[in-house]
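A.B. asks: I'd like to ask some things about the structure below.
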Amino acid sequence: MYAELKFSCCFVFLGQLWLLTFGAHVKQKPASKEKPYASILYTAVVGGKVALPCDISSPAADDSAALILWYRGESAQPIYTLDARRGKIKQARQSVSSQLENRAYFNMINRPAFLQLDPVRLDDAGEYRCRVDFHKARTINTIITLKVIVPPGDPLVLNEKGKELKGMVGPFNEGETIKLLCKSTGGKPRPSVIWWKEDILLDDSYTFKPHDVVDNELTIMNIKRKDLLSELTCKASNSNVTVPGSVSVTLDLNLKPKRVKIQSAIRPFSAEEEVELRCSSSGSRPSAYITWWKGNEQLQQTKLNVDNTGLETSILTFTPSITDDGKYLSCRADNPLIPNSAVEDGWKLEVYYKPQISLELGASRKAEKVKEGDDVYFECHIRANPWVSQVFWHFEGRSLTSNNSIGIIITNQTLAIHHVQREFRGRYSCSAQNVEGLGVSNEIFLKVKYVPRCDLNQKTTYGVAINEAVEVVCRLDADPSDVTFHWRFNTTTKHSDAIQYTSDQIESIATYIPQSGEDFGNLFCWGTNNIGIQIIPCVFTIVPAGPPNPLQNCSVLNQTQDQIAIECLEGYDGGMTQKFSLEVYTVEHNSLQANLTSKSPRFKLSNLSVGTLFRLHVYAWNAKGRSSVVIISASTLKPAEKLTDNGKTGKSVIVRPVLVALIAVVALLVVAAVVVVILIKYKNLRKRKVCYYVFLNHQSEAKEGRKMSFLFYSEVVDYSF
């Protein structure tokens, strides 16, 4: 019994698989004497494949099919022929009509054999007849009626405006009515169009429309929270042998916030002391837009946190001021996508405070567009209770007071700078104080743009020979730094603007070649930017190149038993880069002991012979030659000598004449060196200048009006020794 049931289940499963693969069929009445053929009804789908069965088995074991012919409709011409009359059926000759070419295949391996059509076309529908002639048995005919189904196209979901919807649709607002239209086109026979929500039937009231259209409009009134992410499926089906065409959409909803609450805080608030307030809201989708309000003013210093339960918390960092006292502070949760969805919680503020200060540049100016000669105004805005006792102004962290002579005018909460100069660029701030404390403003960096001027730390004298090229570097200080350069050679007898040069921002390099003695003199360089033209040009002196001048004030700085250090002052370099050399000779044998070269006139000799007198030759040199030699005498020190008379109780020091002479020479050299060093330092100290600058206002004859200038003066510092 169990085996029969198992066999029966397998047969049913294989039958269903056959239907899905090769089409469905309904077997009609068997052949009889009155109707000597079997009749079968088959259903196929356009684009699929179908197997039309034909039993080619002979009733007799010693017999086989000799000729197999397939006919369609009333046509007398076969559409498929298999001729085995002259041989075995496996080697039978086959022929196919043009209407089935490349789509028909007769399978004789399976039982029953079948004619497979792949793919099936709509015009394949009709009656087919399979005629089988045997070598001995009588002919058998099998009639098959093929019904071809055209499945409907996949349905479309449209909104009220006719726009196609797919996947996640919406979002729709909670509480509103939504309408979704499902439309299916084509299909033979015409399909049914039905709405489902998961396994629940929602709407099966479809309507046939012209042009093979079937539609079904679904209306959902007052959509609820529970409908969020519901999947709605529209199915279009016209047979039980095809998979229904379907399309699913998922509802996305905007939900209203359900509650909002400000967590209690310590009150009253102290001004200028930052407090943190929290407001929680839940129930909104998407997350509620939580805003904080002070009266009708929205506060901005907030951040939002959302935990895994969907609870939204807005954190307000709030620094109250005097104007906040008595105002209503509220927290409002709102879904801006849903009209009238806001809920609110709040209370009145009570505030104590110290000065609140902000600094602004005059409305007609921008800090980055100020140029030399402009007038600049700063406004110090103050909120304080009680009112401030004094207002302070600061420049680069230092106090700033009124000074009419340099154009600084302070009036209460206003700072005015007339005819601003480059030296006024920097950071400005203001502060004020009352009994509650000191308030300090923000800083504003004032960037003053100015015309080009010379870089003071650049080489101004260049030596060059006739018909030789020299590169003269001109560096400027300017803001903006996009500078256009100009060069000119000018003497009392000649001037020329035909100077070859290159430039990059605030640096230009001129290549100058003197052709004759008249080409030595002054080379001028100046620049222009969008602020104006340089007032005083940079002057470079072009002189004939020659050997450098001799070194000056050479001194022995340090002497030991095996080391000597000397230092000299540079002379004129001949207009070219110079270097310095030292040659060391022994006085006794006049032999060269060392030859040193340095970029500076300072030398240190090591590993010298002990107690030896040397002659030092020092000179400077460049590409044009070398200076005259400066000769210095110096010696290494001898170790101290102590002699005693043997056998005598008294001790005496024997001083040799040579030793006395050597000590005297060394002493004289040391004294001379000390005197030279003192004279050099004295000379340098008298040249030192302590420079101060003061701002002066003077009336200019130019149309520009008042200008700022600097007066430099020197205070000579005298030292007594």
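Our numbering is plain: 1 for the first residue shown, then up by one each step along the chain.
Using N, Cα and C of the backbone, Cβ positions are placed for all residues, glycine too.
From TrEMBL, for reference:
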SIGNAL    1-23  signal peptide
DOMAIN    36-141  domain 'Ig-like'
DOMAIN    155-250  domain 'Ig-like'
DOMAIN    257-350  domain 'Ig-like'
DOMAIN    355-441  domain 'Ig-like'
DOMAIN    452-525  domain 'Ig-like'
DOMAIN    547-640  domain 'Fibronectin type-III'
TRANSMEM  658-680  transmembrane segment
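How buried are these features, and what lies next to them?
C.D. replies: Summed and averaged per residue, pLDDT over the domain 'Ig-like' (36-141) gives 86.
Within the domain 'Ig-like' (155-250), the DSSP-based counts of helix, strand and coil residues read 3 helix, 55 strand, 38 coil.
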A.B. asks: With Cβ distances under 8 Å as the criterion, find the stretch in 36-141, 155-250, 452-525, 547-640 that has the most pairs with the domain 'Ig-like' (257-350).
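C.D. replies: Out of the listed stretches, 155-250 contacts the domain 'Ig-like' (257-350) most.
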A.B. asks: Summarise the domain 'Ig-like' (36-141) by DSSP state, stating how many residues are helix, strand and coil.
C.D. replies: 9 helix, 50 strand, 47 coil
